[in-house]
Structure formats: C-alpha cells, structure tokens
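In TrEMBL this protein carries:
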DOMAIN    1-359  domain 'FMN hydroxy acid dehydrogenase'
BINDING   Y24, Y129, R164, H254, R257  glyoxylate binding site
BINDING   77-79, S106, Q127, T155, K230, S252, 285-289, 308-309  FMN binding site
ACT_SITE  H254  active site, proton acceptor
Amino acid sequence: MEITNVMEYEKIAKEKLPKMVYDYYASGAEDQWTLQENRNAFSRILFRPRILIDVSKIDVSTTVLGFNISMPIMVAPTAMQKMAHPDGELATARATSAARTIMTLSSWATCSVEEVASTGPGIRFFQLYVYQDRNVVRQLVKRAEEAGFKAIALTVDTPRLGRRESDIKNRFALPRGLTLKNFEGLDLGKIDKTNDSGLASYVAGQVDQSLSWKDIKWLQSITSLPILVKGVITAEDARIAVEYGAAGIIVSNHGARQLDYVPATIMALEEVVKAVEGRLPVFLDGGVRRGTDVFKALALGASGVFVGRPSLFSLAADGEAGVRKMLQMLRDEFELTMALSGCRSLREISRNHIKTDWDFPHYLPAKL
C-alpha cells in the first residue's frame, strides 16, 4: 500500500501491533471525547487564502529556543517506543536528526538518554516527570545535560494518571525484555502486570503528586537548561508560567490521555498565546495529522507543533524510514498550504489567513 498521508500509518500499526500495545498508544481517557475533539477541532478552522503572490520561493525554516531547525514540526515525547519497533527511540532520533528538527525523549523511554545521544548529532529535548525521590530527578536531569540535550520539557498535567480504560481492560504492562531504560539500576525501570493498568499503579507509586509552581524554581536551581512547561491550556496558568521564568509553553492535554472533556489544544491555543503577550514562545501538541493543521496552529500564534502518535504509528509501520517519511509528508503538506495561502515565510502567516467557528456568531433558533 502506498502511503500518501500520515493517517494511513495508524491503520498499518493497528494490524502489526499487539492489541495491548496499539490500545496503549491510540487510546485516550474515559469517554475519549477530547481524543476525538483534538482532531475534530481543526476542521472548524477554515482558510482565507491570499492570491496572486509570488510563491516561487518558500522558506519553512525557523528557530526554537535559539536553535535553527528546518521546519516548525517537531517530535513530541512518547513513551516506550520499543513496543512499536525493535529500534525504538534510536530510530526516531535518527529520523528526526535527518529531518533537521527536534526530538523530545520521554522519561519513560525504552532507550536511555546516553543511547539516544550515541546515534549522532541532533537537537534533542528531554521530557521530565518529577519523581517523589528528588535525587532520581537530579540524576536524570544531569545525565540529559551531559548527553547534550538542549532543554527540559516538564510535564505538569500528570500528578496522577488519567483513567485509560483500554489499559485497565488489557492489564497493561511493559512487554518482557523491555524496561524504562533511564531508570535501570534505580529499581524504577519495571512496569509489572497488576489488577489494573500497570502504568497507573507505577505512576501512583513514583510520581510526585505534590509538584507545584515552586518546583519550577527548584528545577532551575539544578540545571542551566531552559524549561518548557508542557500541559498548559488556560490563560491563568500561562501567565503564572511567565512569572516563574519558563522558557516556553507547550499547549497540551497529554494527547487526551489525562482529563477528558478539556478543550482540544487548538481551541485552547489562542487564549494562551494572548495571555503570554509575546514574552515566551508557545507550542502545541495534540491532533496534528496534516500540514494544514500546522499552518492553522501557526496562524493562531504557535511558534511550532509537536507530533506524537504519528511518530509512533510510522515507527511501527516502517521503523526509521517510516518516521522520516511521516516528517517529510507533513513538511511537504505544510509548504503546499503556505503556497496556496500566499505565504512565503513563517513571518507571513497571520491570524488573517484563517477564520474559526468562534469568529462568527452562531445563529440560534428564534425564541418560541
């Protein structure tokens, strides 16, 4: 089957992967309303393309935290990638470097920060969960820094794991032979079978539920790396993130895997962008499957997007080559969207290039 868009990788992944693994990657929390909405909300944003503009030369490159990358499309942290393919995070790292963009490595990776660094040069961020044992966090951050990672993406929406009913039904546990490599030797690397989701039990026992804004300052005291706050979806929290010296915000609802019935990230984006008033960059993850989605996010003020599930499904389908092709397809679609909208560089993408369903009044039925 010839792959012509990113969504097609999910069908292949579903056929190839064990049910427990596919369900873990694909599912959301509870009713999965937000999971559907992350995708559907993009369809409620329409284009206002400008015509008769010379688009013979288009530049999709940008900078993120001062690092030059080829496009505003980056790879989000996704856990346990060796469940998708034997090369796991190493394949994703190589593909992302080849695309000259940024990979974010999950704390819960099945390859360590050192192993990922050994794949060669590349701009990599490290996603961090804060454990109850702060010495574990200190060690982990120091290792990421020494391995050449360039930023910390601090996940702030997971004091407890969302209720993911597929994982409960499947009694999710890490397949035999795999461990959370960053925690090997600390007796924290195993996710065993339980009467529930093994991951939910692991999180309940290890992740620090007392994490609060003051811990941003603590984190800044143990590392010189910039800290991105991942999991902000309100203006109130965006303003506090600015006050606490965050280097950037990732508007994220954790792939709709935490609290169900929160807005799609693309719906929450503009509120956050307006609140920070340009004082720091705002990024988005959740539901991005097309180059048109990337354009819409940038038109609403994002500095770039992170893709999660497309990385996993393309990895499952075809390893490193799959991830490379997935990134190339998104880039090509994005460049085409720019051309057909009359934009030659990211600077030219503006709010005027789109209209949303919240821009015009909803016509209510006349009162009886």
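Cβ atoms are placed via backbone N, Cα and C, with glycine included.
Shown here: features listed in TrEMBL, placed on the structure.
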residue	record	Cβ within 10 Å
Y24	glyoxylate binding site	22
Q127	FMN binding site	24
Y129	glyoxylate binding site	21
R164	glyoxylate binding site	23
K230	FMN binding site	28
R257	glyoxylate binding site	23
D285	FMN binding site	29
G287	FMN binding site	27
R289	FMN binding site	21
R309	FMN binding site	23
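Listed in sequence order, T155, D157, T158, G162, G231 are the same-chain residues six or more apart from H254 (glyoxylate binding site) with CB atoms under 8 A from its CB. Listed in sequence order, the residues of the same chain lying 6 or more apart from P77 (FMN binding site) and placing their CB within less than 8 Å of its CB are T104, L105, S106, S107, F125, Q127, A153, T155, G308. Residues Y24, Y129, R164, H254, R257, recorded as binding glyoxylate, reach a greatest CA to CA spacing of 19 Å. Cα separation, A79 (FMN binding site) to Y129 (glyoxylate binding site), rounded: 12 Å. Checked against K230 (FMN binding site) by C-alpha proximity, the binding-site residues Y24, Y129, R164, R257 yield Y129 as the nearest. Across the domain 'FMN hydroxy acid dehydrogenase' (1-359), mean pLDDT in this model comes to 94. Counting every protein chain shown, the Cβ of A79 (FMN binding site) has 22 other Cβ atoms within 10 Å.
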